[in-house]
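Heads up, the thing below is written out as structure tokens.
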Number of protein chains: 2
Amino acid sequence: MSHQTLTIFKELVKKINEYNEALSILFWDLRTGAPKKGVEGRSEVIGMLSTEQFNLSTSQQMGDCLSQLSETSVFESLNQTEQRMVTEHKKDYDRNKKIPVNLYKENVILTSKSESVWEEAKDQSDFSIFQPYLEKVVELKKKFVEYWGVKGTPYDTLLDIYEPNITASQLDQVFGMLRERLVPLVTQIAESTNKPNTTFLHQSFSEEKQREFSLFVLKEIGYDFAAGRLDKAVHPFMINLNLKDVRITTNYYPDDITFSLFSSLHEGGHALYEQNISAELVGTGLCTGASMGIHESQSRFWENMIGRSLPFWKRYYKNLQEVFPNEFSSVSVEDFYRGTNEAKPSLIRIEADELTYNLHVMIRYELEKALFNEDLKVADLPQAWNEKYTEYLGVTPAHDGEGVLQDVHWSGGDFGYFPSYSLGNIYAAQFMNTIQKQLPEFDTYIENGELLPIKQWLSDQIYQYGKLLTPAEIIKQVTNEEINPEYLIAYLEKKFKDIYQI
Amino acid sequence: MSHQTLTIFKELVKKINEYNEALSILFWDLRTGAPKKGVEGRSEVIGMLSTEQFNLSTSQQMGDCLSQLSETSVFESLNQTEQRMVTEHKKDYDRNKKIPVNLYKENVILTSKSESVWEEAKDQSDFSIFQPYLEKVVELKKKFVEYWGVKGTPYDTLLDIYEPNITASQLDQVFGMLRERLVPLVTQIAESTNKPNTTFLHQSFSEEKQREFSLFVLKEIGYDFAAGRLDKAVHPFMINLNLKDVRITTNYYPDDITFSLFSSLHEGGHALYEQNISAELVGTGLCTGASMGIHESQSRFWENMIGRSLPFWKRYYKNLQEVFPNEFSSVSVEDFYRGTNEAKPSLIRIEADELTYNLHVMIRYELEKALFNEDLKVADLPQAWNEKYTEYLGVTPAHDGEGVLQDVHWSGGDFGYFPSYSLGNIYAAQFMNTIQKQLPEFDTYIENGELLPIKQWLSDQIYQYGKLLTPAEIIKQVTNEEINPEYLIAYLEKKFKDIYQI
């Protein structure tokens, strides 16, 4: 290999990243207030830039660079970052090149149509409208899996897109443990007579004051506003434009203080990760989170394990009371803590609490696996869905709008994505177990509002590496274990048995 | 020519436009609140996209298309829009291709450095720091003019960039008339004892209420908020992302109601133009204003001729009083009108009033012309500047910071731009003369708050054409005359003699 190949490869990667930043800001703008009449014209620009970027990623030049740089003797002469760059880009390149162009186009057209049909079907709570499209989406995805190559099982190939190297067999074990221990806990809680009061969470809260408090807590956790900003969007998200421009959004519900508060902490957690990656990874394609699961571990850690903990509110409840004196002066910190941790079997995943959320994810995992690895038919999804909700959560959807039609993911062909949410919770609990050993003052830090040492620990152990390490490498390096759901289960049992006095 | 050439050309143009939209949103974002630490990374993205766009505009393919489409027999077979597309893009292509690449790069580096040196020189009010850089900028621009080819005089070549086909000889006549008639008027006003009261304009005005009133007047003039938005920026601007996404910005001074009000109307005027171009011109490169001067005529028309008129305030003053009841309840509409039209010789162009503004521009015009067509040395600029301010405006800068160093334009090599500002005023008065003949109820419309017929007239006569017509063609078609400063002079004389009771 000539030294030039590496240079050309790095320049290609840098340019692909720059297209990414341009696309990201167009996306951010669309979600935070772009005038609605301009959206049609905007789509053309997004289409053009995406095509340019895709063409670069799949160019002959990229292919040549990757094949030269992947030769064993050459690969071994590269440093760690370069090796990871080659591995990651080769994976994407292969994934893209293996699909015939006409199937790609068919997929773009199909999923775009399928998403709008899903919306209509959801509005009308009528699965039959969506069914023929979902059947085609599943069928096409199965073809993709064939082209990509089956890793273990067909569903493993899909899981690998979002959480590299995780397998259905690992997840069977993980979700098996969750099911075994959490389903009885949820039942006990449902039967408990000692339920938290939540009425005070639903008063009238002005948007301006909600925003003020969100800004305050984000500063406290160490989000850098000189390298980010907080805006309003219907569905909150974090977006990394570049290492020093990591933006978050939230939404304000006039009659629910919890939404803006916990979504700010959730997106803030994602953002802390992205803001604290090593500057050496800028432009390498590795300057982002290691995987969906590891990313979600950070949003969940800050939202739930910090933000919904008693030590956190022992320190910050007085600040909330200052912003909303009339609303909270007669509510004790313990009641506030218990209220924000109400756990209740429900039908809708995105409204679920920290505990039952995992069961919602488990149901989707089991159904996806059955679609791709077993013989579940799309036509039988609604019934299978309803049966699992009844069995695991004790609630049954009255119609498909609050059942199988509630999530957008499947309409776009995003199978294999859902497990990341629970993997995030599992990883977060593993990290917390480690941090509590290494920083024995963990709870005291939180009670004193000293959150920066915690952010620093996470930066040193996780954030700085970005995508330089795989999820499995990070888990192993930080916790000295493999993925292990035991910590999440123990954490949830302790927390919720305490709250519900079971 | 094959039919294919035209198709390829149109696709190239469309793609160049799409890069423009991406670049524009990056620019808008930088000016409206991008986190400051992210700016460095952002510059790389802007650089990459600009290069891609420049490479497309100057590509062999573009050159081949243009040379084929410019052949007489082919050109004559094109429709009007296609002909203008070819003419405009050929002009740009030639302008870009005639400069050797190394001189381009030299210019980019020099002007970037020069702008930061200018900033320092301005801060220290010391021209000697800036002088060596400005000398190089002028010298390099003279080389550019040689490569581009001298049209009439060297300065004409520069004027043509901003206002196609305008010449120094025309401007000598235009500015000669302005000088002859406006300088004495300014002197008379300075000596008048009947000066307006302006103290009530400088009270304490909350940003929120200023914004509320800006939104109100923008809606009244017909700015479409479903195809635009109003944000805050240090230096207000309008930016056209696409035909249905035309954004404006303003700024709020806590102790001056006039700034946000009139800058909103100014940028709103620019935006009305861009929002009302024919949809048929989307993606042709002609979906924008005809020239700097014509564009400025619309911002000035809405800001000054509508927004600073007595009929306007007879209708809308009560709305301002509703927003600021304490501030304006004891101020009469006539006093408010006179206050907002104070005319006073001053040193700083961007703070100048409607009348004296033209003299500021005239001074810059005369100095630029002397630099490029005569033998004025850069070293002699400060003295020449000060003499002209004393002669035309009766005020003399105490230092170069409030004199020759006040504007950024020259540091970036933007010679020939300044005259557009006064051309805008001149065109606006010509258009107003015509509209008053064709809509005899003009003043009554304004007094009744019926501004939409005026917007409609301007759309029909000017806006819809975008860049399909040249500035000269538009003036001729609308007013049946050439450029004629007489209407501006008459308008200013009548308005200010009335206000100052001369």
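Along the chain as shown, the residues are counted starting at 1.
Just so it is clear, glycine is given a Cβ too, placed from its N, Cα and C backbone atoms.
The Cβ of B:H270 (Zn(2+) binding site) has 24 neighbouring Cβ atoms from other residues within 10 Å, across all protein chains displayed. Summarising the annotation, TrEMBL assigns Zn(2+) binding site to B:H266, B:H270, B:E296.
Taken from TrEMBL, the feature active site, proton donor/acceptor covers B:E267. In the three-state DSSP classification, B:E267 (active site, proton donor/acceptor) falls within a helix. Cβ neighbours within 10 Å of B:E267 (active site, proton donor/acceptor), excluding its own Cβ and spanning all shown chains: 27.
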Spatial neighbours of B:E296 (Zn(2+) binding site) that are distant in sequence (at least 6 apart) but have CB under 8 A: B:S420, B:Y421, B:L423, B:G424, B:N425, B:Y427, B:A428
According to DSSP, which kind of secondary structure is B:E296 (Zn(2+) binding site) found in, if we only use helix, strand and coil? helix
Taking 8 Å from the centroid of the Cβ atoms of B:H266, B:H270, B:E296 as the cut-off, which other residues in that chain fall inside it around the Zn(2+) site? B:M238, B:E267, B:G269, B:H295, B:Q298, B:S299, B:R300, B:W302, B:E303, B:G424
B:H266 (Zn(2+) binding site) has how many other Cβ neighbours within 10 Å of its own Cβ? 24
